[in-house]
Structure formats: structure tokens, C-alpha cells
């Protein structure tokens, strides 16, 4: 098995892609790319990620910060920037599979081996190393020279613990993994390590960095600075936990239903880089927990009290009991972790230490999940690495026996104030509490009740924590999944049962699920409601008292920064993270900055977006910032009481109708809607000015924005919206010109219309009914006349059919008059014809032989929706129209199956004595748009345009300012813009003419270093201020006048004789020196047309021979036809006309046939004219049954029977 896998790995490595991982100067990872559409990936992190001490001066120092992490604003951390040169990729030998350990017969089954096409890959990349200063920044384009790094030195002793500035403990990491960009905001977090944490090796191999920490006053945790915790930005509920100890990156990301793992490979040949393995496990709810799959004890062993087996199901009746006192908010589990000799030997002592601490950091974060409602902190006091198995400790296949032995051993070691107590009592005092939990990590494949290997990965005593001889856990090393195993087993040790034991929680996939422990069907990192109640039941019991007896010094003082990320990274810097260093925030979209971050890349005219809002804390207005996609005040709003509504949120759109919402906090533990006595969230319609003409529809805009998000840089794939009637509030998009709808998002943005017609609007992914009165949830509806709550009697319906079947070109169907509503034109069947529509102006659909794609068009004052799916078409418009519309059909030679149209027009006008009073319009001044910035750099201003608007019947339009002359016009709003400093650059004039008109000469130009002022004026600057070398001011040239001209030959005949083709000619330079001017070279080929030989003779098939025996004749049809149109003509050459007749020779006629026994074919042909078989289905059977002799059958199958007689004659002859 190992050899086969190794061969596959070697093959895969030869075709893998490897990309550069780099950093911006502010510590943000700018590029970390993976090969697309793979469940398992490999990436090589550059040498800049190696953890090397760096002093503030740039040389080697004593900082414990990993070299690849730079805290924003922190001191003492290295600055690293990606090298811009190309990289060489080569394959290397793969890491061999795990060897059997102590009689183990096969490799581990958890996690399962990768399937076909998902094998591990190992690559090594040559990186540009650091300069002499250790971790100095490498600028793009630096020389690709390097020296091998010096031999590894033992890390120096860490400095005393210091309180780092909050800004220096966070880093923003960008990972474009699995076809999407993930932005991780990580904070340094070593809270799981106690200040007196120590690592001990038994027996002690001697002094070294991992030797026993026996000093009476050990320093701060030596590994606390290389652990990071955080989440994925804009993904609430996500979790990220990583370690950078040792120079690599190890940990996991939980995002929705995916678990993404990153771990370094053991590649000692990688001198300048660290190969890493990146893979994911996706949650699958397809595996229902059946009776077979519910046997989770196969993977997890739970030992209850001695001699008393634990019940498989937990009674539900006692779970509703509430206790009168409130639980404390924080519990601490002071833990000792032991690694068995097989674990230490497999990884190596130093690597085992880093790996185990990484796992424990992940376990710490699993217990921090808010679903527990109680804070449970893992505090690691000591890590013991066993190089030899103690005589009194049993490590073997029998899991229950091993657990019992380990509990007894740890009690002897830590249960009596000898060892760890004696080391720490000097500083902690004699009242120090005992160890709360002990964990043994082993490489031994064990089984619960059998002395043989099996699939069990963890075993623990149920509710054994704090008990002297039952506070034990054993977990098998199965990679990064070990963190989930330890968290799961610690849950058992704190009295938490499997979710499968609770009928109400058996269907979920949480940490305590029986499926979860396998590591094959991970759910999420939350704890179920049943686990929460089991834990609360344990914490309320006296068995949990030790978790409250925590020494204050064991609480790590690392503080999580409270600063929002948008306060650290401006909008311009966030754009640089998304689109590169030449990007900046698009000032034109300042008014909608919180709904989506729009960026402009230098050199491009249009703004880009990825539809994601900016980071929380980004400035959006004076005294306001963005939070959760909304522009809110920086001053925190007072918390409202339970059940009290919050303020209405800003409108989801800036033009046209949108959605606004408000929420309220609900009483109860779960804050569910049922505790609110009504909905927890309410929505309402908010009106805005109409969107400017010419902009794409809101749904199309979302698709177009997504096209920038997913397209490759070389080929921008444009998308257009496709409406799915079953899921109107999901975003389906199709490439322009193709009918291939793809679901790009489960939810469209709030305020998107549910369809092309109607008022219904999408809110939170659901279509909300909107009445014609503009109220959400209203039952008011327009009648087909367009009257809200009307009776349908104010208009009449005009409908009809158009059945013009054949023709070519545009044919007018009808003219739809002005004032029409509810226009609908539908093809009866798919056809090759095209519907066309045109108003009195220049607006049209499918006119002038130009066929449009599906979309919305503005014609005659209304929005017309055109839909084409294959050959079927539909046109619809709500109206009313302000001008007549001409409906046409573009016909071809194919069949047109007709179309149906209908619309409504107002009924007869009111009598003269009646009048309909028109509603009075409302005029007001509004800020409609922003002017351009008055400076391109150096700081400028931009103002709003104040326009007079007319509001009438909920329609808003811009009118002449005279309408608002009696109103006070507000001052325009002013904002600063383009505050970036103006750059210096070289400016050159045009080259002067060559000094000689023929032959070699010189030409010159003026070169100066210039700088642009804020008003656009260019001034001369010092040459040393310009970047790059000074361009040349003189160059050699050669006069062109003495050069001879090109000589062109005669055009050849056209390449085709019927249609468009190409003709050629020869062009040569007559100058002996061959220095003719290429720009004046005549063309050698051009298009041509020749229709001289379009008519050709077309021949039909030869007919059958005129007789059945002897000599006869055959004929065929000869026609003169046009090659392209297929029309008949008389322009074919008669000399080239093929023959229409030819003789045919069959076998000689046999005159010996007895005419009394068989009907002669000639006689039959004379008496009956054969027009073909009348029963073609049965004629073959009649022939086989020899019924052709009967004249009755012959008449019905004369054609088949002729051949029958011919065979008979041939056989007898």
C-alpha cells in the first residue's frame, strides 16, 4: 500500500502548481494561492515564515515573535515582504507512510486515507532568502542572489513576559483557498498555557530548549507568542486556530460546513521554504444516524463507575429542571498532558512539543464557543514527553486497562504534592489545588474492551474530572483531528453524554455527536443544547468544585484587542488587500461604502467590488463608522430592554425602493422568536430617488459585480442575471450570450425585486409581498388597468394573434398605442424568428438586424423585459407607455408558428361635465450626486450636486431649478478627496527630427523630473527625487528619405469562385540593403468576392432498372442550382451537364418458367401497374412464405415480389 501511494504522489507532484506567498509591508499576507477545485492542496510557505529572533536593529536578537508575523503597530516583530521574482518548482521524494508501531498491522483509519485524486503532494520551491539582517524586507524586483542560511542554532532564552500592545498582537491573513478568498483576523492568544507552564522529558536527555523546566521561578510561557486565534472576516460563527511555532503554520479553520486544515510536511530538504499540506473535510448530512451508525462507542470509549454499566439513553424527563442559583461565569481546568514514547519517537521531542501545544490551543478554542454559555478554560500546567515507558504504566491495545493504569500512574505522580506541587509551591503557596485533568496522547492503536487494535480513538471516565483516580483521558494521535478527540473526551470527563443518547439531539452534528468523533463527518464546532445542559448539571454538582479553585496566577494575562479591524486598515488599504497595491477606494461610491467596498485600480476607468462590506470600524461619515454593513454612530447606542425595538436600519439601496429593518432582543436563554410574543425582526419599504438612466438593473448589477470576483485576470467573464421563478430571491447568473444559469448566492441583496413584474421585494432571502399602496405585507393589488384596489372597469383589454407564417425580413405586427399597460407578447412555439420592438425615438429591441440578449430595456417611458430561452421569446412591460410602440417580427425562411399579444388601454374618456383632478406634485431640493474631485492628488474637495426634484405619485424626477426657486436651497456637502501626495515622475518631450534625412544621424529630446501640484500644474523637481534612472535625452537615428519604395506584384485570382475569399500578391523591397520602411509596406492579401461559378449541376439518385431481366434503362434528375441559396437557374454550362440516363444489364430472362404454376412478372406488370408496396411492414413475410405467386398478394407487395421473381429466375437459370 505504501509503495503504490508513493508512486501516485510522485506522479502528482510533477504537475502541481505552486504560487508565491507574500506580505505587504503592513503585515498583511497578500498572496497565498492554491490549485483550484481540489479537496487537498499543498503550498510552500517561503523562508520569510521561519521563526527566527529579530532584534529592533534588524539583526539576530531575542524576540520570541515568529519572523513571518508582524503586528500592526507593534514593536520587535519582523517586517517581511514577498519577493517579486519568479520561482522554480521541482518535485521531490514523498514522505513515506507511517510505519507500524509495536505490532500495529496497518496505518490509521482516522482520518481515512485520501481517495483517488486526493493524495498528498510534496513540492519544494526555491525562495529568495533574507538578507544579512535576518528578516529584512525584500522589495519586488530585488536581485535573485542568496546565500545558504547558517546552521540552526538553539533559540535563545525568552525575555520576561510583557504586556504587548493590542495592535501588535493581531495579523490579517489572506488565503484564497478552494475557489474563494478567506480573510483571517488572528490575534496572538496563549491563554491555554499557565504562566508556570513547563516541559519535561523523561528520562531527561540533557540540557536543551525542551529540557525540564525545573527553575524555581520559570519565566513566562516560552511558546505563548506563537499561538493565534481568530475568525474569518464577514463570516459570523467561524473559527480559526493556528500555531506558528517552529516556523510553519499549523491549525484549522471552521467555516460554515467546511473544516480547512493546514499543517507543515516533514521535508528536511526544504532549505528555503516550508512545504505545507492544506486539506478540508466537508460536513455531510447525508449520513443519517441509524441504529448501526449510532454505535459511536466503536470510536469513543466511555467508562462509567466500576461494575455499573452506563445506560445508553438519557431520560428526558429530568432535563426541564431549573436550579435556583446561577452558575459562575468561568471555570478553569488545570491540566497535565503526557506523550507516550511512540508519540515522541514518531514526531521527535521538539516537534512533538509544538504539535501537542498546537492541538491544545485548538482544544482551548473549542471550549470557548458561545454555545456552552459558560466559559471553560483549559490551563496546561505541564507537558511530559516520555522517551521510555515507566514500569508502572501500561501502554497497550487494551484501552480500559491502559486507562486504569494511567489514572493510577498520574495519581502517584500528581495526586500527592510531590513533583509539580513542589516545583510551584514556592510561588503559588501551599494551598495550591491539585491537577484537574490528565491527558495521555499515544500512538498505540487501542480498543476499549479488547487487547487488539480497532477504530477507537479516545477513551475517558464519564464525570471523572476532579476525581483523584478518574480524571483521566486517553487520545490516539490521528493528526489535527486529535484536537476534536481531546475536546470530545474532555466533554465526557465533565459529564457530557453523546448527543446520540438524547433523542432530542440525536440528529445534529455537534462536538459530542457520535459521528463527530470519527473525524469523517464533522459538523460544526458548537455544542448542542443537550451537551450544554449535561455540562451545567455537572458544574452544579459538588464533583466540579476543583474547577473553581484556580490560582489567580494561572490565568494568562493576554488580552484580546478590542479595536475594530476597520480602525487599523483604511478603506484604501482594504482595497489594496483585495485588488493589489495599485488599488484605492472608489470615492464615487462613498455614499454606499458600508453596503459594499468599491475599489478603483490605477489605469482602469471602472470601479470594482466583491460585494462584501468593508471591515467593521471603517469610516463612512463624520462621527460614523461601518458595523455589520450599516453606517452607524461611533457612540454606542444604549442597550434597549428585552422586547424593545431598535432603530430602523438605513435603507438597503440608495436609489429606487429598498428595505429597512429593525430588531429587538427577546427574553429567554435562546432569544428565539417564540419568546418575543411576535417576530424578532421587522422590515419596511424605504423609498429613494429613481436610479439614473443607463445603469444595469439591481439584480444584473449583483451578477456583474460577481463576475469581477470570480474571473481570471486574463479573461473577464461577464455575467447577466437569470430569474428563477422557484427561487426568486436567489442569485442565478449566466455568462453573457449563454443559457447556463449558475447559482452564485442563496440570497440576493435586500431590496431586489422578486421578479421582472410586480412590486414584491426580497428581504433576507425571502420574497415579501408588497401592496400597490407601497406597504410591506399589504393585500392591496392593482387591477389590470393599473388602478390600486380598482375594479378593472377603467380600461379594456386588447389581445390577438399573429400567424404570418413565411417570409423574410421585418414584418410589422401592430402598433401599441401610448398609455398601454400590462403589455405581453409571447411566442406560441419556439421558432427561428425574432420578436422586435421599437418606439418613436432611437430605442429598440432586436432592430436593425442586431439581436439582443435577455434583459431590461427602457422604451416609451416604461421598462420592457425581454426574455429569450433557446428559440422561445417573450416581451412584457408594466406600462403605462408614453409613446406608441411598434411590434415587429424578424422572419426567415423557416416556419413561424405565430405569437399571442395582449395589453390594456384606458376606456373612453370621461364626459365633459366630469373631471379627474390630478394630484399636485411636490417640489424640493435634494442632493442627487457628487461632483468630480477638483484635484487629482495632494488633497482636493468634491461637492454634491443640489437639484430640484419633483415627487408625484411616489415617482421622483429631476426638474428645472425654477420649480424650487421659492424654496431655500441648501449648501452642497463637501468632502475631502485624493489626499494622496503627488508623485514625481520623468517627463519627456517628443524626439526632434533626425539630423540627417538619409543615413545615420542623431535626434534629441528634453527630459526633466516633474511633480504635479494639487491644481494639476506641473513643476520641475530635483532629479534625485524621481524614481528610476533618467531616460535618455539623445539617440542615434537614420534618415528615411533615401530608402526605396516597396514593389508589389499583380493580384492573384480570388480563392473562391462563389462567395467571399482572399487574393494574394507578392511584395518585395527593392533596396539592396533590405531596409524599407515596414510601416509603408503594401498589404500582400485582401478580401475578394467572386460569384462567377455559383450555379452547379445537382444530380439525384439513379432509379431502378426499367426491367427485371435482360437489358433496361436507369434515369436520374439533373438540376441547375445555386450553391448558397439553393435556387434553380439556367446559368450552368450545358457541356458540363451529367448524363440523365444509362443502360442497365440484369441476368438473362429465363423462358422455361411454367406459366401455369407461377405468375410471370411481365404478365403481372402488364396487368397491374406497380406503385410500390402497399403493405411494407408485411411484404417481407409474404415473400418468405412464397405467397408472391398469388396475384392478390403480388398486387399489395409488387415491389418486393419483383425481386423475388428475379431471384427465382436466376436460380433456375
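Each Cβ is built from the backbone N, Cα and C atoms, and glycine gets one as well.
Feature motif 'Cysteine switch', per Swiss-Prot, maps to range 298-305 of the set 290-297, 298-305, 306-313, 314-321. DSSP assigns residue 998 (disulfide bond) to a strand segment in the three-state reduction. Around residue 1037 (disulfide bond), the C-beta neighbours below 8 angstroms that are at least 6 residues distant in the chain are 991, 994, 995, 996, 1000, 1001, 1002, 1003. Calculated from their C-alpha atoms, the gap between residue 620 (disulfide bond) and residue 300 (Zn(2+) binding site) amounts to 52 Å. As a summary of secondary structure, the domain 'PLAC' (1166-1205) carries 22 helix, 0 strand, 18 coil according to DSSP.
Local packing around the disulfide-bonded residues 575, 594, 620, 691, 998 was summarised as the count of other Cβ atoms within 10 Å of each Cβ; on this measure the leading residue is 575.
Counting only the Cα atoms, the space from residue 1026 (disulfide bond) to residue 488 (Zn(2+) binding site) is about 62 angstrom. Taking the Cα of residue 599 (disulfide bond) as the reference point, the closest of the binding-site residues 300, 488, 492, 498 is 488. Residue 631 (disulfide bond) is 45 Å away from residue 492 (Zn(2+) binding site) when you measure Cα to Cα. Reduced to three states, the DSSP call for residue 1037 (disulfide bond) is strand.
With respect to residue 998 (disulfide bond), the closest of these binding-site residues in Cα terms is 488, chosen from 300, 488, 498.
Cβ-based neighbour count (10 Å, all protein chains) for residue 1009 (disulfide bond) stands at 17.
Looking only at other Cβ atoms within 10 Å, the busiest spot among the disulfide-bonded residues 407, 472, 651 turns out to be 472.
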